[in-house]
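Novice: Quick one: the structure is below, questions incoming.
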Amino acid sequence: MSPVRTALPLALVAVLLVGCGGADDVDPSAPTAAGDPGPALEGTLTVFAAASLTEVVDELAEQMQEENPGLTVRASYAGSSDLAAQLQEGAPADVLATADERTMQAVVDAGLTAGEPEVFATNVLTLVTPPDDPAGVASLADAARDDVAVVVCAPQVPCGAATERVEEAAGVTLSPVSEEGSVTDVLGKVTSGEADAGLVYVTDARRAGDAVRVVDVPEAAAAVNRYPVATLADAASPEAAAAFVDLLAGPDGQELLADAGFGPPDGP
Amino acid sequence: MTADLAPGTRPSGRAGRPAVAGLPRWVLLPAAVGAALVVVPLLALALRAPWTRLPSLLTTPAAVDALLLSLRTAGTATVLCVLLGVPMALVLARSTWRGVRVLRALVLLPLVLPPVVGGIALLSAFGRRGLLGESLEVLGVEVAFSTTAVVLAQTFVALPFLVVSLDGALRTAGRRHEEVAAVLGARPTTVLRRVTLPLVLPGLVSGAVLSFARALGEFGATLTFAGSLQGTTRTLPLEVYLQRETDPDAAVALSLLLVAVAVLVVVAVRGRPAA
């Protein structure tokens, strides 16, 4: 914010020096966009983002709106495949960020993206149990015991596909009591104490805080989930869309992502 | 469905049925728009269905398991609804106590609750750490992740349909026949069995069929409360939701199957004389 503070008096001085006639030459938004090379962005930017990105995207949206007072950023959060389906049905959006490359590829194949998708973060699975760990789970192998009610994602959804890869890498076969359709549902079953253990993303475990106990799964490195982002062909504000992608992949976005538990784009 | 229930939700017995003739013409337009709102999406679903792949999509083990589980659990839930709902409706319809109106509103609650709220409520009661969960576990009843949980969820959401239908039928039928039977010396149980129940049988049947249909369509509470495992807790609506992730065609095919069953059920109810 310090560039803004110094830029504001400077701009005022410039206006005074040039005089009334020259005031038109000074971009009225220049002081607020001091850090930005281009002119301030205006209009409405619609971001479709995987539910796991909620906090990060909210934060970035707020930052963009502060820097560009004429810009309104709307974000729609849902499961990646819900978002892809909505776009294929013609929902208007400028940016899409999904939790896996398979879903993004479907949107790319449908010809809906403007540029190449760019991977901006990674995520890995971890094992969580209720805080009091009723079943005594210290490893993935423990979760495979008969007396442990373990819940995982169904193979059809990205976290379920990752679960299968982790099982393979660890040489462990889980017999889940439930295969949920979303990672949120897995987490819910663990935090409510219904399940003794569940496989969720590191970011979900981080967000759950004290509601869960985290068990490290070294084998999870075998199933890294890559998050791609792309601007969309029918974007109403292509410049704002590109600026958002830059922000997400840039230092500010990366810092927020790391805080939320995401790994860097090239893997954890 | 609400149209079927409407007579039961207010004491319409006194007012009688409104005449259909003599309606202003303009009523037809919004009525047609309303009908289109219901029919057009279903038509669109049918048009989108992969008809040639339908047989293979509906015979996968996952689809067959889901259908059989749905029919089994919805059937059990309907039996439970009848066993619990008939006494409830009798109490509601024949009670002279003024607080009964509040009670009637409470019974209706699952109809208006968002399904996920119902699921969370069920978890709070019957979950492993719920109000009754631990006692049940001591008794050896495992509700978590079991087919029992599915039946509980379905019964929870379907019960009001039976109670409301039957309550309406009972109050419309009035007590005259029962009083005559009682004066003639019949004991209360005999009156109930020989007079009351036969009199409201159409209402009972349509209530049971509606309960079955609602149980079959139950989704949110099951997902929240019971989980999703093929053959154990993954009912047809849950399978549709999951298939949508990878095979939208399969999801459409299964949706169509659910609609077909629902249509059969609704036609079965509409074919009966209104209570």
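Using N, Cα and C of the backbone, Cβ positions are placed for all residues, glycine too.
Take a look at what TrEMBL says about it:
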SIGNAL    A:1-23  signal peptide
BINDING   A:Ser52, A:Ser80, A:Val183, A:Tyr201  molybdate binding site
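Context for these features, please: burial, neighbours, distances.
Specialist: Within 10 Å of the Cβ of A:Ser80 (molybdate binding site) there are 29 other Cβ atoms, across all protein chains. According to its DSSP assignment, A:Ser80 (molybdate binding site) is helical.
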Novice: Other residues near the molybdate site, CB within 8 A of the CB centroid of A:Ser52, A:Ser80, A:Val183, A:Tyr201?
Specialist: A:Ala50, A:Ala51, A:Gly79, A:Ala99, A:Asn123, A:Pro158, A:Cys159, A:Ser182, A:Thr184, A:Thr203, A:Asp204, A:Asn225
Novice: Within 10 Å of the Cβ of A:Val183 (molybdate binding site), how many other Cβ atoms can you find? Include all protein chains, please.
Specialist: 28
Novice: Name, in the order they occur in the sequence, the residues of the same chain whose CB lies under 8 A from the CB of A:Ser52 (molybdate binding site) and which sit 6 or more residues away.
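Specialist: In sequence order, the residues whose Cβ lies under 8 Å from that of A:Ser52 (molybdate binding site) (at least 6 apart) are A:Ala99, A:Asn123, A:Val183, A:Tyr201, A:Thr203, A:Asp204.
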